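Read the structure below first, then the notes.
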Amino acid sequence: MADKDAQDFLKFLKSNASTDEKTRCLDTLRSFFNKNNIPNADLGLFVECFRLALTTVNPLLLRSSVACFETFLRRLRAQYPTWLKFRVPMLKNLVIDHIASRDLQKRVLNILIDLWHFNPSEIEKSLIHLSTTSKSAETRIQCFKWFVLAHNAHLSFDVKSLRPALYINLENANPSVREEAKEVLLLIYKNLSTSAKMQFITDVETTSGLRREILQSLVEELSLISSSSEVIIVQNSASSFQPAPFMTAVATLYPGVELENVKPLLANFSKQLEQDSASMLPAFEGRETEQNWSVRQDSVLRLRQYLRGNACIDYLPELLSVLKTLLPGILLALLSLRTTLSSSAIQLIKEMAIILKSNIDPFLELILPNLLKVCSVTKKLASQAANVTFAAILVNCGVLSRNLSFISLAAHDTNAQLRVFSSNWIFMLISLSPELKNLASLQTNLKAFEKLICRGLADSNSQVREVYRKSFWKLSEYFPSVQEELTNTLEPSVLKQLHLANPNRQAASFNFSGPKRAPIRPLSNLRSFSKSQKEETSSNSSNSSGTRRLGLPQRATPASRERVLPYTRSQAFHSTSLPPSLPSGHSPSIAIPSKRSVSATIKDESKTFELLKNIQRKYELILSGSSVDLPSAEFLSSNLTDALYSGSSICYSLIFSHSLLDLTFQYVDIASLLSQFLLCVYDPSNVGHSFALASFPYVKSHYDAHKYFPIVFDVLMNISNMAPHVKVFPFNTNQKRLIIHGCLLWLKEISDTKLNQLENKPFFVTDKLRYYSSKILAMTAKTKLTSKNWIPLSGLLFSLRAHDTFMFDGLLDRLNEESRTKLVSSWSKQDAFDYSKSSTHQEHLSKNLPTLNTSSSSNSSQTDLLVPHGKGETKETEMQSPIESKEGLLSKDTHIESPQGTSLEKENEEEGKNPVESNCSEESLDDHNIDQTLVNKKETLAQDSESLLQKNNALNEKGFENQFGLSSSAAKVLNKDTLDHVSGPISNSVSSSFKDFTRTPFKEINGERETGFELTSYVNALSKKDDINVQKTENVDESVGLNAMFMDNVNQDSLNSVDQSSGKDKLLLTSSTPNKPTTFFMPANEEILGSPAKDYDIHDQSYSVHELHSENMRENVGQSSLIYNNRDYMNTPMNDFSLSFSEIKGGILESPVESPMTGTISPIDADESVLHDIPAYESLNKSESNKYQEQAYSTPLHHTLNVLPKNKWILSRMHKMENGSPINVDKNLDDAVAALEAAVKELNDGSVNTKTLKFCIKVCKETPSMLYHSHGLLPAILHYIESNNSAMHISDCLILLHEFLVQGYQGVDMHTYHNIICILIEKAEKCKDEPVILAGIEDNITLIAEIADLQGLYEFTQQRLQSLNTETGEKSAPLLLMLLSAILMRLKDLEFLETKDLLRHVVLKYIDHTNPEIRKATFNVCLAVNTIVNNVDETFSILGGLNEGQRLLFMHYLKMKSDEKN
C-alpha cells in the first residue's frame, strides 16, 4: 500500500461515509495486513487511523477496528519489534478503555498480553492502577482476569506489586470484585508449599489490615487448617506430647510437676522460629536491668508457647537449634534474683524436659548445675520449683549414671536443704523403677546407690536420714542382697534406727509385762561385731599418719569420738624435697592451685594473659643482660600456679613456653607442675595438650634423668594415694589415671635408657632401688590386667628388675601369690619366656627385705601382698630360670600405648574407684606354657642383631666425615654417640646371657636393609637462638636428639609409614635434596609420649644429625612437607584455640555470609573516610581504549579464567543472576547494544534495577565481544559502587565487576586496577556492617590479585601498607593484608630483599594488633610465606623477631588450616 493510500484511508475515516462502507474498508485493510508488509513511512498514518477508528461509539465499526488493530500489532511484532517496543504506552492507551466491553474484552485482553512481551512493567502498572481507581466494577474484574490469563500462560508478572491492589479489592463493596480478587490470590498461592502459604498469611496479617473473616476464608481455601478452626491443630499437636503415664506417679511425690496452662503458639514456617530467636537475643545480652528483665520474661513465655504449639512436631530440629542458641539467656533468667523471671525460666526447663524428653540430653550438662544452685537458695518458691524441675528431668531425660553424679554433688553439699532434696530424688528413682522401666540401669549403678545410701544414713540432718531409710528398704525389695551387704558395714546406732523404719516390721506385742528392752541379737552377730571393732581399732592406730589406700581419698574413721581436723593449706600441699643440685634461687611454692572453673570471667583471663606476657618479657630481658627486676617470689608463685591451672589455651601457650617454664620450675612446686603438665600431655581433650606436647622434650632435658626419677616417683605415689603424707590435688579420678599413666611411662623411659649409665652415681644404690621397686610392686594388687596402666606398670617393673635381678626376685617372692602370678604371667606373654624363682637367693633376701603391703594400714581384713615364710607357706611353683639382658626392654608384642582419645577416661566414670584400677574383670593368664616358635624367633632375632652390630661398627670416623662433611673431631663425637645409641641395646643383648634383640620405637627393617633416621628436638627446631644455646644443647646429653641411625644407600620409596611391629600410624616427614632423597619417620602420638626427650620431634622441619654440629650443613636441608596421618598429633579442639584472648571468649554471631571481615568489630575513635587522596577514576583515551579493547573484545575470548567466588552466597547469587534465556547477538545485535547503553546510563544515574544488572552479567558471561561497543561500562560500575548505598544492588554490582574483570582483564591497565582497589577499600570502610558487600569486596580484591600484573600490584600494596594508619580505619588494613597474602601465593620464591623487609615490617606491626581481623590477616600472610618456602624454620627466619608464644600460635594456626584442607 502506497503512502497515498494510507492518507486516503485516513480521510475516508474522517468523512461522513456510512458505517457499512467504513467496516468494509477496515476488513480490506485487515486482509492487507495479513498478506503484505507495512511500509515504514506509513506506520504513523496507520496509528492515527486506529486512534480515530477506536474512538467511535458504533459497536459494529468498533468491533471491526479492534480486530484490524489486533492484526496490525501481529504484523508489527514480526516486522518492527524494536519500533513496537518503544511505542507500547501509546498503543496500549488505544484499547485499554474498551476492556470492560463484553463484545471486545476477549480481544482487548489478548492485545494487552501481546504488548506485555515488549514492555511488561508498563502493562502491569496500567492494569493495577485501573483495578484500584476505576469506578466500574466490570473494569476491575477484567483487569484481574488479565492476570489470571497471564498466570495460565506462565508469564512472570510482579506479584508483589499486585498484592496491595488485591487486598484493596478484597474489601470492595461489589461481591463480584471481591470474589475475583480472592480467586487471583488463591490461583497464585494454592500450588505453593505450606511454608510459603504460611509466609503469605503472615504478610497478610501484618500488612494488609484485612478483616478476620476474610483472612479466615483465605486460610480455609488454601487448605491450611480445617473449617472448624485452628484450635483443632493445637489440640492435636498438644495430644502428641501428653505426659508419660509414670508422670502420674511422680505427681504423687511432687505435686507441682504437672504442666501449667499456657496458650499455644503456632509456628507457621521454620524461618519464623529463627526470626523470633534473633529478636530475643539482644534482650539476654549484658546484665539484667529494669528495662530488659520484662523483655526476657516475655521471651521465655514465647518459648513456652512454642513448646505447646506445633513447633515440637513439625519443626523439631529448628526448635532445638533455637533453644541451644538461647540456652545461655535462659540460664541467666534462671539465676535471676527476680522471682517472677526465675520461676518462668524454671517452668520452661520443666516443660522442655517433659515435652522434648531425651532431645535435651546435650543441654543437661549446663542446666543441672544451675538448677542445683537455685535449689540451694533460701527463697522457698524458687527452690521448691527447681526441686520439682530437677525431679522431672531425672525421670524424663538424661542417662542415669550421669544424673547420679549430679545427685552425688548435692548429697555431699554443705547446704542442708540441697541434701534433703537429693535424698528425695534418690527415693523417687528407686521407688519408681518399675514405672520407669530402668531396673536394669538401676542394677548397673547399684554401687553408686549403695554409697549414697550409706552416707545418707549417717547424715547430720534428720530429714535426710529418714528419707534414706525409706530408700534403703525400697532398694532391698528389688535387690535383697543389698540389705545383707550394707548392714554389715553400718554402725549399731544406724542399724537400730534403720530397723525401726522397716515398713515390713511386725508390730510389737503389748500383752506382756515387764520393762521394755531391745531384742536379743544372735551370738554370731555379736562375734562379728566384736571382730570388726578390733579390726577398726587396729586400722585407726596404724593409719594415724594419714596414709590412705589406693583409690580416691577416703574419710578415715577415728578410733575415738573426737573431731578430726581437716588438713591445713600447708599440710595438704606438702612440698616435695628437691635434689641439692636444683636451682635454689627461691623455694618452690606450697600454695594450693586455684580451683577456678573453666567458666571464669573473661576479664580475669585477659588479666592473666597480659600478666604472663609481661613476666615473659622481663625474664627474656634479664637473659639478654638487661637490668630488669622480676616481681617478688610470692607474686610469681601465686600467679604462675593460677595460670598453670587456669584451663585457658591462650595462657597455656605462654606458660608452656621455654622461658616461663624455667620460671615455673623455680617458683612453683615441682609436683604440682609435673602433675598438671603430664595431664595436659596425655589428655588430648585438654586445651593445653598441643602446647605441652611441644614442650615435653624441653621439660625432660631440664634436669638429669637420675634427678627426675625420685621426683616423678613422688608424683606417682601422691597421685595414687600411696605416699605417707598425701597431697591434695585438684584432679578427678580419670585425670589421676592419665597422670599415673604418664608417670609410669616416664619412669620406664628413665629406667630403660638412663639408669644403665648410673651405676657409679650416688643414686644407684641397692637400698634406693629396693625402696622404689617395693612401692611400685604394691600397685600390682590394685591394677587389673585390662587396665590401660597395667602394661606400663608391668613394663616398668620388668625394667627395674634388669638392674638387680637378685634383689628384685627376692621382693617378688614376698609378693602374694595372686599378684606374683599375674605379673609373671604378663611378662611371659609379653616377652615370650618363662620365669622361675630361685630358692637359693630367696632365703637370703627374705631376712633383709622389709615387709611389703599395698597400704600403710595393717588391717587384718585385707589380703597382704607379701606372703610370710614359714610353716604356712604354700608350695612354690616350679619355673625355669630367667634368661634376660640388662636392657630388659619390653618386646615388640607389648608396645606400651600412650593415651588415644579418651579411652583411658572412659574406663570408669565412678568417682569412688581407685585411679590405678579398672572396672573390667581380670583375665586369667597362663604363664607355664612356652611356644617353641617363640624360642626360634628369639634365636633369629639374635642373629639379626649380630649382623646389624657388625654393620654399625663398620661406620668409622672416616665414614662419618666423608658422608656428612664433618670435621674429624665432630666425627669422633658423633660416631661415639651414634654407636652408643644404635648399638648399645644390641651389644648389651649380645653380651648378655641370651641373644635377644629388643625393638626400639624408631626402627624398621625392610627385607635385608636396616634403616634409621634422626629427628631433632622440637625445642631446637622451633627456636634456634644463637651459637651459645646450640653449644649448650650439645653439652646436655638428654637434648642431643634422637638415636642417630643413618641410612645406608637405601631406596626410600620402600619405607612404609606404618610400624610393622606395632601397627601404629606414623607421621611421614620427607626431605629431598638434589643428590640423594632422604625420608624420615615422625613417630605417632603414643610413641612421642612414651619415648625419651631426645627420641622424637614434632616439628614439621626435617634436619640431619650433623646440623646440630655444623651450621654450614643447613644448606643441604631441602623443602619438606608434613603429611598428617595421625589425627591425634595436635588434637586440640578448634573452638578452644584462637589467635588472641579477645577471640577466645568473644562470641561472634554467625552471619548469612561467611566473610572474614565480619564478626565482632573493635570500637574506634574516629571513622576513616579515605586513606589519603584517592585518585579519581580516569578512563583511557579513545586511541588507547580502541587499542586495548580491539585486542580484548574484537572476538569472543576463547580463554576464560576459572576464577569463581569463594563465598557460597556470592556464588549462589551469581548462578541465579546468570539464569534466563541466552542473548542472541546475531539476530538482536542492535537491541543488545541499545540495552547495554541504557544499562550504562542507569548505572551513571543511580537508577539501576536487578533486571538491568542481570542483563549486564549475562553480556559479560556469554558475549564478551559486546563490551567493545560500550566504553563506559567499567567507569559506570565503579561510579555506582562509590556513590550508592543499596546493599542488594551494590552486591550485584560487585558480582558484575567480578565478571567484567574475569572476561576483560586484558583490557584493564594497572592504573585502573589501583583505582578499583581504592574504591573498594573506601566502600568497605563505609559499609563495614554489611556482610554481603564485604564479601563481594573481598572476592574482587582476591580476583585482582590473581589477574593483575604482579610487579605493579606489589609496588602499590607495599606503598599503601607503609603509609597505612590503622587507628582511623578498621577495614583497610585487613583488606590490604589479604591482598598481600594473595600476591605472595603467586610467587615462587622471595627473591627481592625489599619483599622480606616488607614482610618483617608488616608481621611485627600487626601480629599483636588489638583488632582480631588484622591479626587473622597477618597470620594468613605468615601462612603464605610458609607456603612459598615450605619450611617453618625458614619462615621464622624471614619474618624475624617473633617470640615463642607467637611461634606456637602460628604453628597451631598452621595445623588448624591443614586440618581444614583435609
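Each residue, glycine too, has its Cβ placed from N, Cα and C.
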Range annotated as region 'Disordered' in Swiss-Prot, from 273-292, 573-592, 1153-1172: 573-592
Residue carrying phosphoserine as stated in Swiss-Prot, selected out of Ser433, Ser1091, Ser1221: Ser1221
Range annotated as coiled coil in Swiss-Prot, from 744-769, 796-821, 1342-1367, 1420-1445: 1342-1367
Phosphoserine per Swiss-Prot (candidates: Ser599, Ser836, Ser1102): Ser599
Confidence summary for the coiled coil (1342-1367), mean pLDDT rounded: 80
